[in-house]
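To start, the structure itself, in structure tokens.
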Amino acid sequence: MLGAGSWGTALATVLARNGHDVRLWSRRPDQAQRINDTGENADYLPDVTLPRGITATADLGQALDGAEAVLMVTPSATLRPMCQAIAPVLPEGIPIALACKGVERRTGYLLSEVVAEELPGHVVGAVNGPTFARETALDHPTAATVAFPFSYSDRLNPETSPAARLALSLSGGGFRAYVSDDLVGVEVGGAVKNVIAIACGMMSGAGFAENTRAALITRGIDEMKQLAQALGGRRETVTGLSGAGDLTLTCSSTTSRNMSLGYQLGQGIPRPSCFEGRPVVVEGEVNAVSVTDLAKRINVPMPICETVQAILHEGADLQEAFTALWARPIEAEPQTMQMSLEHPSPDLPLQFGASDQ
Ligand SMILES: NC(=O)C1=CN([C@@H]2O[C@H](COP(=O)(O)OP(=O)(O)OC[C@H]3O[C@@H](n4cnc5c(N)ncnc54)[C@H](O)[C@@H]3O)[C@@H](O)[C@H]2O)C=CC1
Ligand SMILES: O=C(CO)COP(=O)(O)O
């Protein structure tokens with residue numbers, strides 16, 4: 001498990017609870033030492049007792065020696081350098097599963113494409129779903145999708161299908177895995193949901209309630225569908241755990257760091273003061289740029305993501321940007337027929353500050 005933050009530790013907990021030996025790599029030797037000494041990762045999952053079977057280490061060679069599979073769980077922006085760092089010590093041919101969510105900013109690659117470029121000769125997949133780390137570590141009933149490209153005849157054979165093997169390794173107690181062969185669809189769901197969660201947070205923080213959230217979730221799923229399809233994935237995949245499921249989770253609670261960032265911004269808190277100034281991994285903030293750049297490049301309209309990107313990175317005014325989002329031309333749902341009618345009152349502003357929740 002490469003990454004001993006909250007999600008890497010939670011996934012290590014799931015696997016170890018199911019009887020697997022897990023090497024948990026932390027980039028900080030002091031943290032690795034503390035995990036081994038105390039049986040807890042107090043920095044990220046305080047008061048969660050780690051099961052036997054987890055050994056923390058800050059040495060990549062030790063972490064990967066004899067490994068049967070590797071899960072990569074550091075923030076998406078660190079993925080390429082992480083791949084480069086493990087290349088010399090990675091056992092030949094072992095499957096690599098991504099548990100981080102995003103699109104690479106410079107290239108617009110899905111994360112699996114980054115791994116394929118840096119680490120040829122390894123089959124690459126992903127584990128995504130509605131999975132807050134703490135709840136997962138505490139064994140609350142949780143479901144996620146394990147996606148690898150695989151052939152129909154291999155699907156049931158753990159010897160030949162990394163998806164089946166990893167799904168079986170993760171499943172047990174509260175954790176239940178599903179299997180998919182649509183890696184693109186699963187990755188798109190995970191990357192885009194964080195950006196939409198920021199939008200939901202912004203509108204909740206600004207005082208709007210359930211209608212607004214439901215509209216953003218539903219239209220957000222449509223943005224995911226279009227991007228997934230344009231990249232060669234399947235539209236229906238994003239209605240599963242890694243798209244609609246994860247979006248429902250992260251748009252429902254400020255336990256989500258993405259939702260929480262949006263909520264604070266919606267309340268008018270300046271970015272540097274959000275999270276009381278603490279550095280927090282908010283994937284949707286970086287990915288608002290990478291997702292919208294990618295979508296523009298391949299002509300996929302993603303108006304909610306573009307709105308978030310403009311507010312976060314181009315200094316757009318939140319109220320004006322959401323008013324413009326709501327007053328876009330009237331379109332068909334679903335967008336199978338091309339239709340666009342001029343909005344009758346595009347200048348009528350949304351009623352920010354007048355809500356009665
Ligand atoms: N926390 C959660 O509930 C879930 C998180 N994820 C995804 O997992 C990924 C990791 O997130 P979390 O574990 O939550 O973050 P976190 O903030 O809890 O931990 C991040 C970890 O990455 C390490 N790290 C940071 N910069 C690094 C670098 N340059 N090189 C190597 N390691 C570095 C940190 O030391 C830390 O161990 C993200 O893509 C996130 O979207 C996915 C599902 C659930
Ligand atoms: O991806 C997550 C749950 O599935 C965690 O969401 P946040 O990164 O917004 O906290």
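Glycine is treated like the rest: Cβ placed from N, Cα and C.
Annotated features in TrEMBL:
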| type | residues | note |
| --- | --- | --- |
| DOMAIN | 1-148 | domain 'Glycerol-3-phosphate dehydrogenase NAD-dependent N-terminal' |
| BINDING | G3, A4, G5, S6, W7, G8, A133, R257 | NAD(+) binding site |
| BINDING | S6, W7, R27, R28, Y44, K101, A133, R257, V281, E283 | NADPH binding site |
| BINDING | K101, R257, N258 | substrate binding site |
| BINDING | K101, G129, T131, K193, D246, S256, R257, N258 | sn-glycerol 3-phosphate binding site |
| DOMAIN | 182-322 | domain 'Glycerol-3-phosphate dehydrogenase NAD-dependent C-terminal' |
| ACT_SITE | K193 | active site, proton acceptor |
For the domain 'Glycerol-3-phosphate dehydrogenase NAD-dependent C-terminal' (182-322), the number of residues DSSP places in helix, strand and coil: 107 helix, 0 strand, 34 coil
Cα-to-Cα gap, A133 (NAD(+) binding site) vs K101 (substrate binding site), nearest whole Å: 14
From Y44, K101, T131, D246, N258, V281: binding-site residues whose CA lies within 10 A of W7 (NAD(+) binding site): Y44, T131
List of residues, in chain order, with Cβ under 8 A from that of G8 (NAD(+) binding site) and at least 6 apart: M1, L2, L24, L71, V73, T74, A99
Those binding-site residues, out of G129, T131, K193, S256, N258, that come within 10 angstroms of G5 (NAD(+) binding site) at the Cα: none
Around the Cβ of G129 (sn-glycerol 3-phosphate binding site), the count of other Cβ atoms that are within 10 Å: 25
Binding-site residues near ligand 1 among S6, G129, D246, R257 (Cβ under 6 Å): S6
Of T131, K193, D246, N258, binding-site residues neighbouring ligand 2, Cβ under 6 A: T131, D246, N258
